[in-house]
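Lifted from TrEMBL, the feature list:
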- 12-31: transmembrane segment (TRANSMEM)
- 43-67: transmembrane segment (TRANSMEM)
- 88-114: transmembrane segment (TRANSMEM)
- 148-166: transmembrane segment (TRANSMEM)
- 178-198: transmembrane segment (TRANSMEM)
- 218-240: transmembrane segment (TRANSMEM)
- 261-280: transmembrane segment (TRANSMEM)
- 300-323: transmembrane segment (TRANSMEM)
- 344-366: transmembrane segment (TRANSMEM)
- 386-406: transmembrane segment (TRANSMEM)
- 427-455: transmembrane segment (TRANSMEM)
Amino acid sequence: MEEKNKRETFSTGFAVFFATLGSAVGLGNIWKFPYLIGTNGGGAFLLVYLLCVVLVGIPIMSCEFYIGRKSRKNAVGAFKKLNASKGWKTIGFMGVASAFLIAFFYSSVAGWVYSYVFKAIKGDFAGVTLVTANTKFMSTLVGPLSPIVWQFIVLCVVSIILIAGVKNGIERITKTLMPVLFILILICDVRALTLPGASQGLKFLFHVDFTQLTGPVILAALGLAFFKLSLGMGTMLTYGSYFTQSNNMIATSAKVALSDSLISILAGIAIFPAVFSFGLTPSEGPGLLFKTIPLVFSKIPFGSVLLVAFFFLTAIAATTAMISMIEVPVAYFTEEKGIGRKNAVLLTTSIMMVVGILATLSAHPTSVLGNIHILGQRGFFDSFDFISSNILLPIGGLLIAIYVGYFVKKEDFKLELSNQGTLNNDLVLNIIYIFIKFISPCLLIIVFFNSIGIIKL
Ligand code: PFF
């Protein structure tokens, strides 16, 4: 940063796309999406998820980009800069809280992935069977010491990259490795599709059985859409604040949402055929990825190398997603509290480490803290996830849509998103505005009230 008041920006449109995709693509696609499809009954969940991405995700991402680039501020400072009345800052504070809650369990799962890279390099998965895949995962998960050490390593890596700054750190990594991850998932797909009984997995993933759709299932799909696209907590807002003035932000939103969904579906195609072929159950839960992928790569040429590459790239994807998540509190602490960037990063990641241990030690019923329940039947791990994904992010998204739809002048919104009239996208802007003002908020309210039982669909 050359001048004190000059914020860094991403260098090109290409870099903007990959950095934003780097935030969206992560454990959400490869770990959470398949396991939630598995526990929520398959195709019907997928359909609702995709509807949420289009009807709510893209409009809200556009709103976040708008607020971020227009204000060139962090999630809390942005509302002040745009002269919004004081209460709107709440969105920013909720975002900072969500970043912490997500990071508590996300760093834990990222730690399992890092440890799988290490195990795969050591050749631990040679001759893997259903039984050994299961034991390996359980020992990774239950620890108790090793998952904490891996979580610590993850947070150290993330801190180092974050201290290096926006451009140097985030851009370089995402631009190079995203395409490689994509190719690797495609290789997995080819392998999975040639397994005996693969079609059963595809049927599970794509067959829509509407009887599966209950209030909580729909809420879970909505929460996943927010989590996946890093929405409702100011991450995309903060990234928007680093965008160049010439970026077509509506196009970026659509491209990121669609590419991200494609990667999730491809991950599903890699996993479900294998689940059925190797005799696992789709509703396996958080271990689904970790149990199936070693089996997918077993007994094929170069399988052990591909397995290392797969977990390595998943680790990178998890790391870049975490970087964007942690950027929310870091930008807040540096810009609003005047804390230096390095100290802000260390403060944030230290809190994440200390409280994150609670998530790590409660990830399974047999874990050290596995029998402590704080939200109904949920332990720390699941509660951090539920409160952030299914409550805070959708409420954050709703407030963002209401702010832009009702408290920002339509002309201002259109001017910013058409790059001062240079883009010629009037029709698209009018359509997206209708979504922001009416459709997305209504859907959010209906899903939310339905899931807490105030209205019955
Ligand atoms: N979108 C990320 C994923 O799907 O893995 C998770 C995430 C990153 C959520 C950043 C929120 C966030 F701010």
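Quick reminder: no glycine exception, Cβ is built from N, Cα and C everywhere.
Remember, TrEMBL labels are computer predictions, not curated facts.
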Are there three or more C-beta pairs under 8 angstroms joining the transmembrane segment (178-198) and the transmembrane segment (300-323), sequence spacing 6 or more?
yes
Worksheet item: Any contact between the transmembrane segment (386-406) and the transmembrane segment (218-240), i.e. 3 or more CB pairs below 8 Å with pairs at least 6 residues apart?
Response: yes
Do at least three CB pairs under 8 A connect the transmembrane segment (43-67) and the transmembrane segment (218-240), leaving out pairs fewer than 6 apart in sequence? yes
Under 8 Å, at least three CB pairs between the transmembrane segment (88-114) and the transmembrane segment (344-366) (pairs 6 or more apart)?
yes
Here the stretch out of 43-67, 178-198, 261-280, 344-366 with the most C-beta pairs under 8 Å to the transmembrane segment (427-455) is 43-67
Per the Cβ filter (under 8 Å) with a sequence gap of at least 6 from its ends, the transmembrane segment (178-198) is approached by 18, 21-22, 25, 30, 263, 266-267, 269-274, 276-278, 293, 296-297, 300, 306, 309-310, 313-314, 316-317
